[in-house]
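Annotated in Swiss-Prot:
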BINDING   TYR31, TYR162, GLN166  L-tyrosine binding site
BINDING   LYS225  ATP binding site
DOMAIN    345-412  domain 'S4 RNA-binding'
MOTIF     36-45  motif ''HIGH' region'
MOTIF     222-226  motif ''KMSKS' region'
Amino acid sequence: MRDFIQHLQDRGILENFSSGLDNVSTPVSAYLGFDPTAPSLHIGHWIGICFLRRMAHFGLTPVALVGSATGMIGDPSGKSIERTLLEESQVAYNSQKLSECLAYYLPGVQIVNNIDWLKETTVIDFLRDVGKHFRLGVMLGKDTVKQRVQSEEGISYTEFSYMLLQSYDFAYLFENYGVCLQCGGSDQWGNITSGIDYIRRHGLGQAYGLTYPLLTNSQGKKIGKTESGTIWLDPKLTSPYELYQYFLRLPDQEVPKVARTLTLLSNEEIFDLDQKFLLDPVAVKKFVAETLVTSIHGEDGLREAQVVTQSIHPGKVSSVSEKDFQDLVAMGQAVSLEGTQALGKRWIDLFVALGVCSSKGEARRLIEQKGLYVNSEPIENEHSVFEETQVCFDQYVLLAQGKKKKLVLRLI
């Protein structure tokens, strides 16, 4: 354990750990939980996935827990208001999708689900066997609970009970799977230490906890959230291109932290990047973005991201091959129209009809700002029409709104 902890400290991604953990010399099994609040993992979960991979690299036995049972309750940690409770069928669906995702990213890692042991537990048994080991004074003193109790929103008994369920999970894994270490983000420290105390009070043995810092920007907001929503790992929800662009647009000062937290580059490679970053932050940012997209979506995902990126830059359409257009169509970045329905029509009307712009007013404003593109060339004015000379490879036209919205118009 000492080498693992030293690695995390050197990398700057260790927040807290239990006293004595660094002296444990016997093989350690450790777990990290994922609640199924959505049908996909998001970029914040990638921290946990990388953490589990690091554990395996240093000889620990990682276990991933899907929290179907706890997902029915909702973790109050880091939340200022209560989560909306999900239907049981939705939790079951989300759990299945998360299990598939974890199995893909963590081949060989054991995946367990707490519904398997909590579904048979009665309320009476839970209160007698688990509840009696917890003291309200201690629970109310936990930061997450304290903040919610003092807030206008308050905290429901449902959320208040989450700590007990997570503690029971830890004890169950300790007793049945030999798991003595629970890991998680820094906002989980209170829940983790409650589990350690419960295991001790129950006379099961010595357990430990370890947390890593949450990935936040300079304003303290979690990285992975945008104005348009969450950055998902599922390519159907967040395309490789969108993921790539998200990291390319990160403020320069966030890049070293992202490289340390979200990549599996060695510490030596990270330290080397730090030096290169001082000389050329843009090049390092591009490298980190490419590394992350490849790790999450593979080489094909990176190529997809690069193809779309190349195709939407002004003046670059001449370098887009017919195969690139075909790839864009295959990626779902296309709409088909009969040539007679499109040729000769005003572009301002087509951009609205195709959903690239929400209204003609928006389209006019963007045209004035040189923000609407046909084949990477800005539309000159609102009277510009679709001409046959703009068709590439007899059937394709590349449309874009700025650098974000892009669409291939395919003539049939």
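Cβ atoms are placed via backbone N, Cα and C, with glycine included.
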Sparsest Cβ surroundings (other CB atoms within 10 Å) among the binding-site residues TYR31, TYR162: TYR162
Folded-back contacts onto the motif ''HIGH' region' (36-45), same chain, C-beta under 8 angstroms, at least six residues removed: 66-68, 71, 74, 83, 86, 91, 93-95, 97-98, 101-102, 214-215, 222-224, 230-234, 237, 243, 262
Cβ packing number for GLN166 (L-tyrosine binding site), 10 Å threshold: 29
Counts of helix, strand and coil residues, the domain 'S4 RNA-binding' (345-412), according to DSSP: 19 helix, 21 strand, 28 coil
Whole-number Å value of the largest CA-CA distance among TYR31, TYR162, GLN166, listed as L-tyrosine-binding: 17
Model confidence over the motif ''HIGH' region' (36-45) (mean pLDDT, whole number): 94
